[in-house]
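Following: one structure in structure tokens, then a few remarks.
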Amino acid sequence: MPSIGLLSLGCPKNLVDSEVMLGLLRENNFTITNNEANADALIVNTCGFIESAKEESIRHIFELAQYKERGKCKALIVTGCLAQRYSKELLEEIPEIDVILGPGHVSNIVEVVNHALEGKDRHTRVEDLLYIYDEHSPRLLSTPSYTAYVKIAEGCDNRCAYCAIPDIRGKFRSRPIESIEAEVKDLVEKGVREIILIAQDTTRYGLDLYGEYRLDQLLERLGPIQGLQWIRLLYCYPNRFTDQLIKAMAENPNICKYIDLPMQHAANDILRAMKRPVTKQQARILIQKLRTEIPGIVIRTSFIVGFPGETEEHFKELLDFMEEVKFDRAGVFTYSQEEGTPAAEMPNQIHGRIKQERYHRAMKLQREISLSQNQKRIGQEIEVVVEEVTDQSKGVYTGRSSYDAPEIDGTVEFTSSRPLRIGDFVKVKINRALEYDLMGELAQ
């Protein structure tokens, strides 16, 4: 059977699509390969969220296109967000591409690959934006065996002024609770111990299906599943974080005391311009409530600097808020002017040099805050999953704590007098803190 190589770019939501496509291809007897030079067909699942992601996607498309000349590749398929957003331009400007497939057509990947391998006409499929996978969709996990992402909804109904995702991914649509529960049980039976729940807006979960937010009820269904060690939430909107959700997180011991709560800014003028439906005071109250009701919770956020109209006073207000709230984790991004979004047409666009200068100032402050927050862990025992044997002879391991999401947060390096396996969950006593990472020893 033909062999397939797939390169997945961008966020975990895109990764789930890639895993479903690989699962469908494997189920239909395609051979999956990591060697692009030996692949009969190559798939690039692209990101198109901001300018740097678009540039990275295009660079990889050109790199893989070369295998049509110097490898055995007969078909190049481009999928994902960039494919949806710029389908016509990509097909016109990169002749090596055979098919453009939008995220609404993930389930058609087998048909599309066969079509391309048979040398049929080049074409695009980007019309439908209704698809969402379910518990019956095969998946070939690309994450470590003990962790998996589960997409609980697709699309987005938020119309933030800077973002094109609603046009790329379609309207928000939730999966039924029963579907998610069945998938999680199946993953746990296969050895997964950490489930990371994702969507464009996880806190909106259920509104379209049930007429009310039901993330709390979903967590209550998943919490008792035997063998499930950690449940983690990413991409939560501050204005939809209900008291019931806080209660569910506080009462279920295997829900990580960790929340990803993108704020994007703190100045109310900028939040309004961004069309973010939250004020600084509302965010402050929520964060205080989270820290009171869930003692020890770690809060991650993200901020955009250099949004159109952001003055030095607005930026200082953001820095003051960061200093006041002391987020445990924060990512800072410079505003990207995305065509087709309201923000792209706004006056008072900020010069790139000023954006970079504000980015570095915000990150400098956050590094100081992160170090201070991490130093509070010294002397504590925290739960860690072993991810790497760093030095077998010296008993040195690298892991990730329940307070850290994969890829985006820090690590824990520690020593152990007994051998450990990758995927083991252990208690580590922290004895040293860095800006993002912790160090310690296996707790006795």
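Cβ from N, Cα, C; glycine included.
Annotated in Swiss-Prot:
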{"type": "DOMAIN", "residues": "2-118", "note": "domain 'MTTase N-terminal'"}
{"type": "BINDING", "residues": "Cys11, Cys47, Cys81", "note": "[4Fe-4S] cluster 1 binding site"}
{"type": "DOMAIN", "residues": "142-372", "note": "domain 'Radical SAM core'"}
{"type": "BINDING", "residues": "Cys156, Cys160, Cys163", "note": "[4Fe-4S] cluster 2 binding site"}
{"type": "DOMAIN", "residues": "375-444", "note": "domain 'TRAM'"}
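Feature map: annotations from Swiss-Prot on the structure.
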| residue | record | Cβ contacts under 8 Å, 6 or more apart |
| --- | --- | --- |
| Cys11 | [4Fe-4S] cluster 1 binding site | Cys47, Phe49 |
| Cys81 | [4Fe-4S] cluster 1 binding site | Gly10, Asn14, Thr46, Cys47, Gly48, Phe49, Pro103, Ile165, Ile168, Arg169 |
| Cys156 | [4Fe-4S] cluster 2 binding site | Cys163, Ile165, Pro166, Arg169, Lys171, Phe172, Gln200, Asp201 |
| Cys160 | [4Fe-4S] cluster 2 binding site | Gln264, Met274, Lys275, Arg276 |
Cβ neighbours of Cys163 ([4Fe-4S] cluster 2 binding site) where a neighbour is any other Cβ within 10 Å:
22
How many helix, strand and coil residues does the domain 'MTTase N-terminal' (2-118) contain under DSSP?
65 helix, 23 strand, 29 coil
According to DSSP, Cys163 ([4Fe-4S] cluster 2 binding site) sits in coil
Determine, for the [4Fe-4S] cluster 1 site, the additional residues of the same chain whose CB lies within 8 Å of the mean position of the CB atoms of Cys11, Cys47, Cys81; present them in sequence order.
Leu9, Gly10, Lys13, Asn14, Thr46, Gly48, Phe49, Ala53, Gly80, Leu82
Apart from Cys156, Cys160, Cys163, which residues in this chain have a Cβ no more than 8 Å from the mean position of the Cβ atoms of those residues at the [4Fe-4S] cluster 2 site?
Asn158, Arg159, Tyr162, Ala164, Ile165, Pro166, Gln200
Check the DSSP secondary structure of Cys156 ([4Fe-4S] cluster 2 binding site), expressed as helix, strand or coil.
coil
